């Protein structure tokens with residue numbers, strides 16, 4: 001085993017988000033459009049070395065009992081990697097657990113280092129117990145990203161931490177679109193240099209292995225969590241039947257009345273009914289009482305997490321990151337508007353909102369004007385899916401205040417619903433990158449995908465992204481990894497797409513009903529433009545063919561969202577199916593995973609491989625073919 005050497009991290013807390021860009025939805029301040037090219041210049045810079053040690057320890061994160069979790073450098077939630085745009089990163093992982101692992105850098109494009117993307121069986125072999133691995137990549141694009149395990153569902157056990165890359169000083173920023181005042185702009189610039197990433201996630205009393213074990217034993221699509229964590233701290237709240245009914249979606253409540261006693265379970269979940277699981281033989285006798293029907297209630301010994309802000313600056317900058325296993329989360333702060341200025345590490349034309357949606361895998365950066373009472377203002381976080389009423393809290397403390405505000409003005413209730421119809425919500429798919437960036441007006445190739453449960457004879461928790469085949473989790477153990485194979489010998493299949501370098505590629509994802517749900521999709525290797533969506537099927541062979549048959553404005557080629565994680569469209573009206581179209585340029589050759597970021601969906605098969613640039617396939621360095629990224633020791 002390679003010896004452990006801990007290097008001091010001399011890193012400054014610098015941060016500002018920039019990257020390509022594109023447009024403005026309603027509610028944005030107008031501005032002269034600036035168009036830039038995809039990609040960022042490389043800057044000569046020193047090496048930043050960052051080391052983490054992984055262990056398994058017990059934690060009671062929500063006051064409902066201890067369970068095993070993954071600790072990074074003896075802490076629950078890993079340390080933040082700070083770097084500057086253009087820095088070369090040496091990220092060393094030491095695995096002291098009794099299980100295999102890997103680390104993926106979510107949103108980092110790995111344009112010249114695909115062997116550091118961290119997907120076992122695809123870009124590397126597993127990091128075995130007692131082994132170490134050196135990831136080596138360049139911080140091409142500024143912004144907030146995060147590192148997390150890509151082995152099994154270890155993210156659900158806490159294996160994640162933030163990556164913050166500061167941009168060039170001359171990078172254009174959108175703060176003048178938030179305020180025309182020079183003092184405000186200077187304050188926002190100062191606030192952004194002190195930006196803090198805040199992790200918000202769902203949490204289960206079960207480890208990821210136990211969670212999947214319940215799915216397998218009961219043959220259900222298990223979706224009932226115990227709490228919401230903010231920066232690793234949370235509580236379990238047990239609401240009354242009346243309170244749950246009041247916050248349950250009316251359609252869901254009516255279905256429950258017709259099918260199963262009329263209410264959510266004591267944990268606020270839709271019970272594991274046949275209707276919602278599909279036509280499978282369920283074994284509900286194998287579902288533990290604590291899984292759905294028993295709410296213990298509890299609070300972390302640390303209480304609610306406190307976000308301290310310095311009012312002398314005038315503004316605060318926060319980036320909310322969702323590494324959760326299942327749920328997109330709605331977030332609001334009492335008495336404060338949220339000025340969204342970056343999404344997925346990418347500046348956007350600012351949008352002012354009362355509530356923001358943080359998808360699993362997404363990062364939402366907000367400016368907050370510190371002009372309210374010096375007090376502890378409540379931060380509210382809640383599940384956005386209809387399947388469970390689940391909320392959590394943190395506190396935004398002005399200058400270390402200990403008092404509650406005299407006249408609080410909440411924006412959302414416990415279930416994440418807006419208090420007033422006049423309030424504004426933000427979703428990442430509403431964003432437009434700043435400065436402007438446009439996709440090509442047509443694509444060189446189109447791939448149509450179909451997201452659905454596999455159905456019989458498969459299990460209730462098995463999914464497909466292609467319509468008929470699932471990406472088996474056993475691929476994590478493929479040896480040699482696909483990237484190290486001769487790409488000419490790898491056939492193009494339903495689960496393996498091939499593109500040519502420089503091509504513009506359309507991916508059209510049809511989400512099958514009934515009850516078509518939104519899936520947070522993440523493509524490794526690059527961001528994508530979300531160019532259109534709609535209800536119903538997509539019978540056309542390409543976007544170009546579809547344009548004459550759909551209403552004007554269905555597609556946006558001028559200023560579409562530019563994201564590394566996007567939601568497919570959920571059920572609309574009476575249509576069973578929905579469709580979502582994204583476009584990207586195959587600029588960076590490599591073997592990239594494209595998958596749903598809901599961990600039970602990915603482990604259940606909702607993934608596939610995209611081999612971009614097969615005509616310019618990279619040569620993998622010998623260190624990554626043989627020695628986990630390290631150079632072999634010199635022989636004397």
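Sequential numbering from 1, following the chain as shown.
Keep in mind that glycine also has a Cβ here, set from the backbone N, Cα and C atoms.
Together with 596, 601, Swiss-Prot lists one candidate of 475, 477, 519 for binding Cu cation 4, that being 519.
Among the candidates 212, 216, 263, 524, the residue that Swiss-Prot annotates alongside 150, 595 as binding Cu cation 3 is 524. Summary: among the binding-site residues (148, 519, 597), the fewest other C-beta atoms within 10 A of the C-beta are counted at 148. Residue 601 (Cu cation 4 binding site) falls within a helical segment according to DSSP. Here the Cβ of residue 596 (Cu cation 4 binding site) has 23 other Cβ atoms within 10 Å, regardless of which shown protein chain they belong to. Ranking the binding-site residues 104, 150, 522, 595, 601 by the number of CB atoms within 10 A of their own CB puts 150 at the top. Cα to Cα, residue 524 (Cu cation 3 binding site) and residue 106 (Cu cation 2 binding site) are separated by 8 Å. Within 10 Å of the Cβ of residue 304 (N-linked glycosylation site) there are 18 other Cβ atoms, across all protein chains. Candidates 136, 148, 150, 304, 596, 597 (recorded positions) were compared with residue 522 (Cu cation 1 binding site); those inside 10 Å Cα-Cα are 596, 597. Across the structure, residue 576 (N-linked glycosylation site) and residue 148 (Cu cation 2 binding site) are spaced 34 Å apart at their Cα atoms.
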